[in-house]
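Taken from TrEMBL, the feature transmembrane segment applies to 101-123, 135-155, 170-194, 206-233, 245-265, 277-297, 377-394. What TrEMBL lists as domain 'Sugar phosphate transporter' is 105-392.
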Amino acid sequence: MESRVLTGAATISGIPRLRARPLGETTTCSFLPASGLIGPPVSGGGNLLSWRQLRPSLLLDASSPVSPISPAKRELLRPCFAAASNDSAGEAKAVGFFDKYPALVTGFFFFMWYFLNVIFNILNKKIYNYFPYPYFVSVVHLSVGVVYCLISWAVGLPKRAPIDSNLLKLLIPVAVCHALGHVTSNVSFAAVAVSFTHTIKSLEPFFNAAASQFILGQTIPLTLWLSLAPVVIGVSMASLTELSFNWTGFISAMISNISFTYRSIYSKKAMTDMDSTNVYAYISIIALFVCIPPAIIFEGPQLVKYGFNSAIEKVGLTKFISDLFWVGMFYHLYNQLATNTLERVAPLTHAVGNVLKRVFVIGFSIIAFGNKITTQTGIGTCIAIAGVAIYSLIKARMEEEKRQMKTT
């Protein structure tokens with residue numbers, strides 16, 4: 001157990017007390033601890049100071065203005081100095097790789113976020129090519145994630161945060177919007193090309209701005225509205241000449257945009273001190289219960305009659321189960337990594353990263369599936385993505401300015 005002494009309030013045996021100095025005279029001592037090492041103030045005007053931190057500073061040389069330690073006592077204290085040095089080395093070694101290279105770790109988070117997102121979208125679309133049941137697949141996505149969360153809680157990584165009835169009431173609307181947005185996104189993925197769905201989903205900032213202006217009563221600057229014009233124009237251009245266009249895919253993607261907009265609104269009302277990993281776990285559990293009834297009602301009879309058998313005949317039972325498991329795992333992990341990445345970077349950085357993620361997904365999906373796109377669709381997609389980038393940059397800078405104003 002470490003000994004503790006009072007700086008300025010007690011003496012150490014064997015070391016003379018420092019002489020008193022007149023008021024106004026300052027003294028600079030080489031053994032004052034760095035900021036953060038001095039403990040809270042105590043009665044008598046002193047501060048608690050760790051004996052382990054003080055110990056190395058007592059080995060003063062003969063030229064010190066403080067009375068030097070005798071050679072005999074110096075020899076007695078030398079093992080203590082060595083022990084303290086070993087402790088300091090151990091503490092230095094205890095600094096993990098994550099703390100030593102934060103930029104590298106953040107880059108890894110971005111890479112894994114992009115990688116898992118691209119793999120999820122490609123595998124998800126491949127499943128729909130032989131198993132076109134988006135309601136059931138949506139349930140699988142959430143089910144795998146929920147099982148992952150339950151296992152993580154069981155082993156204490158992370159430790160499950162308790163939830164009360166008040167927080168549950170706040171999270172239910174968020175989870176319902178999350179479930180609706182997730183299901184309709186998958187309906188669109190199953191109906192049209194992945195690249196086209198993501199082009200339509202780039203309209204989400206437009207719906208966010210409209211909801212903030214007309215539902216929350218917030219004033220949206222003209223610059224933000226103007227930055228959204230290229231998004232609307234680009235999506236319109238891409239939709240008019242999209243070869244895989246159908247109304248089911250288009251309307252489903254639009255409903256997904258609206259659902260995720262309301263999810264953002266309810267999320268602001270459900271702000272909590274709980275960590276993001278636990279919050280997302282609870283939202284996934286609630287969303288799973290919301291998604292199960294529609295899957296049974298809309299696809300249950302078809303799955304029982306021929307849906308499962310047809311998929312097994314096409315790819316085999318092992319591949320079918322394996323595809324469903326991994327697509328669910330990729331879905332949960334990329335969403336969790338997106339949340340963790342947001343916690344590590346500024347809003348501006350995350351906004352840029354989110355736009356680049358959509359570019360990666362659209363580009364790799366076109367390459368993976370060999371989708372043919374018209375020149376107008378390609379130009380429209382680029383214009384829409386550019387508009388999202390401009391909007392995200394302006395909005396992130398505005399939020400950063402507001403944050404700085406609050407701090408000052």
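Including glycine, each Cβ sits where the backbone N, Cα and C put it.
Note that TrEMBL annotation is computational and uncurated.
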Inset, instruction - May I ask for the residues of the chain that lie six or more residues beyond the transmembrane segment (245-265) and have a Cβ under 8 Å from a Cβ within it? - result: 173-174, 177-178, 180-182, 184-185, 187-188, 190-192, 196-197, 200-201, 203-204, 206-208, 210-211, 215-216, 239
Inset, instruction - May I ask which of the stretches 170-194, 206-233, 377-394 has the most CB pairs under 8 A with the transmembrane segment (101-123)? - result: 170-194
Legend entry - Contact between the transmembrane segment (135-155) and the transmembrane segment (377-394) (3 or more Cβ pairs under 8 Å, separation 6+): no
Legend entry - Remote residues contacting the transmembrane segment (277-297) - C-beta distance under 8 A, at least 6 residues beyond either end: 135-136, 138-139, 142-143, 145-146, 149, 152-153, 158, 160-161, 163, 168, 171-172, 174-176, 178-180, 182-183, 332, 335-336, 339-340
Legend entry - Reported mean pLDDT - the domain 'Sugar phosphate transporter' (105-392): 90
